[in-house]
Amino acid sequence: MEFDEAVLKSLIPSLSSVVVLSSYLGYLAIAGLVLPGKVVPGAVLSDGSRLHYRCNGLLSLVLLLVLTGTGVYLGWILPTVIADKGIELLSATLLFSILVSVMLYIAGTNSRNTSASLKPHVTGKFIDDWWFGIQLNPHFMGIDLKFYFVRAGMMAWLFINLSILSKTYLAGTANLSVFLYQLFCAIYVIDYFYHEEFMTSTWDIIAERLGFMLVFGDLVFIPFTFSIQGWWLLKNQVELPSAAIIANCIIFITGYLVFRGANKQKHIFKKNPKALIWGKPPKLVGGKLLASGYWGIARHCNYLGDLMLALSFSLPCGASSVIPYFYPIYLFILLIWRERRDEARCSQKYKEIWAEYCKLVPWRIFPYVY
C-alpha cells in the first residue's frame, strides 16, 4: 500500500523535476541557436523551398557533458539525479508533450501561411490533427521544433543511461553486461550526433507533420523506454558467457555497419545522384530510385540494421525476462508497420517505377526472408 502511494506520488511532477526538465530544454534551445555548426540544406519541399539546419548537436552534447561533469565534480549536481527522479521526469515530460502538441494544434489551425513547411493540413478531425500534426515544420523563436525535439530525445537517452550507470556503480552491481549495454548505446547516440546531418533526409523530417505522435515519440518514448535495459540491469545481475559476449558484439557491429552504411548511401545519393556506391556508379531505376549498395539488397535495409542494433542493446540482459526486449519487439512491430506505409506511399508516388524497383529488389527488410 505504501509502495503504491509512493508510485502515485512520484507520478506528480515535483518542482525539482520541472526545473531539471526546463533547464535541459532551455540549454538545448540556446545551444542550438548560438553554438557553431555546419548548416545543411534540407530536402526540397513541394513548393521548391528548402529549410536549413544547423547541425551542432555533437558540440551541444560535448559541452553539456562537460558542464554536467563539472557540476558533479564540484558537488553541485548528484550524478544519480536523473535516475532518482525517473518517474517524476517521465510524468513531467509527458505533460509537457501534451501541452506542446495542443499548442501546435491551436497554432496550426489558426495559421494562414501558404509555404510548404507551414501550410496547415486540417482534416477537421481533432484526434487526427492533434495526433499526426497540422504543419510540417513549425518553428518557435527561430527553432525548428521537429529537429529540436528529436535532438532532445536522443541526448536525454544518453543522460538517463549515464545517471543509471552512476546508480548501478554506487549500488555495486556494475559488471560486463552493464558495460556492454552502456557502451553500445553511447556509441549509437554519439554516432547519431556525429552524422546529425543525415537526419535532415529522413522521412520524419521531410514528410511527417509535427503532432503528438512525433513530440511524444521524441521526448518521452525514445529516452524513457530505450533505457529500460539499464533499469533492468540495475536490479538484476547478469553474467554472460564468453560466446554470448562475442555474439552480442558481432550483432552490434554488423547492425551498425548496415544501419549507418545504408543511411549514408541514401543521404549521399540525395545530395549527389552520381556519387559512387561501393566504388561503382549507382544503379538507378527510372532515374530516381537507388538500387545499388545496401539499397540493392533490400528496399528498407536500414531497418534491418536498426533492428540488429536494438537487439544488441537488449542481449546484455540475458534471456531470463522479456522485459529488456521491449525495445526490439516494439521496433520490429513499428518498422513492419512503417515499411508497409512507406511502400504504399512510394507506390502511389513513383507508380510503375516503384513496381520495377520491387521486381529488381524483391526483399523488403530481411534478405531472402521478407
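Note: Cβ is positioned from N, Cα and C throughout, glycine not excepted.
What TrEMBL lists as transmembrane segment is 12-35, 56-77, 89-107, 145-164, 170-190, 210-234, 240-259, 280-297, 309-337.
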Distant-in-sequence neighbours of the transmembrane segment (309-337), which means Cβ under 8 A and at least six residues beyond its ends:
176-178, 180-181, 184-185, 188, 225-226, 228-229, 232-233, 236, 238, 240, 244, 247-248, 251-252, 255-256, 259, 300, 303, 365
Segment-segment contact (the transmembrane segment (170-190); the transmembrane segment (280-297)) at 3 or more Cβ pairs under 8 Å:
no
How about the transmembrane segment (210-234) and the transmembrane segment (56-77): do they have 3 or more C-beta pairs under 8 A, pairs 6 or more apart in sequence?
no
For the transmembrane segment (145-164), I need the partner stretch with the highest count of C-beta pairs below 8 angstroms, choosing only from 56-77, 89-107, 240-259.
56-77
Mind checking which residues reach the transmembrane segment (240-259)? Cβ under 8 Å, same chain, six or more beyond either end.
176-177, 180, 184, 187-188, 191, 294, 301-302, 304-309, 311-312, 315-316, 318
